[in-house]
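Enquirer: Structure below; questions to follow.
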Amino acid sequence: MVTVSTRLKSAASRTARHKKKYWRKGTDVSAFDKVIHDKTYGTIADKPDKDLFTIDRTPSSEVKKYTKRQQAALDKISRSVREPQKLPLPSPKCPSLKKQPKLKQPVVRVEKTTPKSAAPGYDLWETDFEPKLNLEYEEAGEHMLRYTKQKLPNKPSTARFKPSLLDAVAKPDAGASYNPKAEDYEKYVMKIAQDETKLMQEEERIERARKPKHESVVTYAEKSLEETEGLVIDPRYNANDEEEESDVKEEGEEPMETGEKITISHLKRKTKKQKLNAAKEKKLLREQKKRKEIEKKQHDMTTRQKLGGGEFKDEEEPRENNHFALETQNEEAEVERSEREETFFASRKSERKSRRSNMTAKSINKELVQKEQEVAEKAAKRKKEKFLKKMTTRQKLGGGEFKDEEEPFLLQEELSDSLRKLKPQGHVLNDRLASLQRRNMLPIGGPRNKNKLKTKLKRKFVEKRLVAEVTKGSRVM
């Protein structure tokens, strides 16, 4: 079987070997180079160091030979370098510092250095950031700054003062919502109802005050009856009544008591002044009666004492009076003895107090300091309460009277579940005006009373002739 090779021949094989073209195209120089290199040098990694490098072992100078002692000293130095040791400080060769004379130096006082305060924080809207210009003419610079609006006019100290601590916009009540809870709505409506009843009561009081105090208003019917009284045209006129009245007056008989209630006229009632005078008279009468009773008792006691002493004793005086006199004498002796004891004990007590007073001086001082502290605390508390009251209540500004805005409310039928169905109530400007007046920021307009009397009048001292002071040298006018 014959095999045909499909391998193509190279360009070198297709040319003659003895020609130059063959060497140019057919020979592989790299293979020859590798073989030559391996034969001559070989791989560097496989060669030893002695084939690659040459070590110069000839000394450049003669090596000095050390003795054993010198070598030991060198070894010691090398060891000390490798292992450093902490050696103690050498002792000073100069004389001690304590024995040396001190140099005279001027005493310099150390000034107290105040710590630098941190840079204070500033308010962006309150701080003045205008540049400070060093101008030759200050007035011209001031005018220029004011004209260019770089410097604003000085504000007064009261410009930023808040006259009230109340909120600018008060929060509405929960019951004022368009869809409130049942409890909140009930509380809100009850509060408005109470305010309304107070207003109605005030109107009734004013209406009553306009009428006469102890009289009723005369109507037209009463006036006509008064004009026709006693005449025939009077509907109450009766001829028989006059005859009966005249008979009663002649006979002088007292009217029979009936069950009818007799009313006393308002005009016969006592005034407050009359009532006070009557009460004073009653008090004086009671005091006079008591005085008489005391005088009577004293008179009886003196008569009994005299009878006991035997000054006005009759021969026919019974023995009971003598016994009573002895009893009174014993009582007097007891009283005298008790008085002596009381005086003795009081003197002893005063002595003890005087001794104790020296011991209690510290406690008294302590109590005084404590009392002063309590007084100061109470004063500060009162001042704070007064300030809070002033800052949370309405002050009198202007001649008018403050009337708070009526709070709008919805009836139960008017409550809706949607804001779109709700109708607006009240006005924003009225609410703002009432808020400003409540916070003492706006006066209330009204008539000013110009002819108002002064509350404090000047005192005038006049020496009257009837009550003139009698002094040395004065004479009767």
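Each position is counted from 1, following the chain as shown.
For all residues, glycine too, the Cβ spot is worked out from N, Cα and C.
Keep in mind that this is a model prediction, so the values were computed, not measured.
Heads up, here are the entries from TrEMBL:
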- 76-85: compositional bias 'Basic and acidic residues' (COMPBIAS)
- 94-106: compositional bias 'Low complexity' (COMPBIAS)
- 240-257: compositional bias 'Acidic residues' (COMPBIAS)
- 266-275: compositional bias 'Basic residues' (COMPBIAS)
- 278-303: compositional bias 'Basic and acidic residues' (COMPBIAS)
- 1-23: region 'Disordered' (REGION)
- 64-106: region 'Disordered' (REGION)
- 205-365: region 'Disordered' (REGION)
Enquirer: Give the nonlocal contacts of the compositional bias 'Basic and acidic residues' (278-303) in its own chain as ranges (CB under 8 Å, at least six residues past its ends).
Expert: 270
Enquirer: Residue counts in helix (H, G, I), strand (E, B) and coil for the compositional bias 'Basic and acidic residues' (278-303), per DSSP?
Expert: 26 helix, 0 strand, 0 coil
Enquirer: Mind tallying the compositional bias 'Basic and acidic residues' (76-85) by DSSP state, helix then strand then coil?
Expert: 7 helix, 0 strand, 3 coil
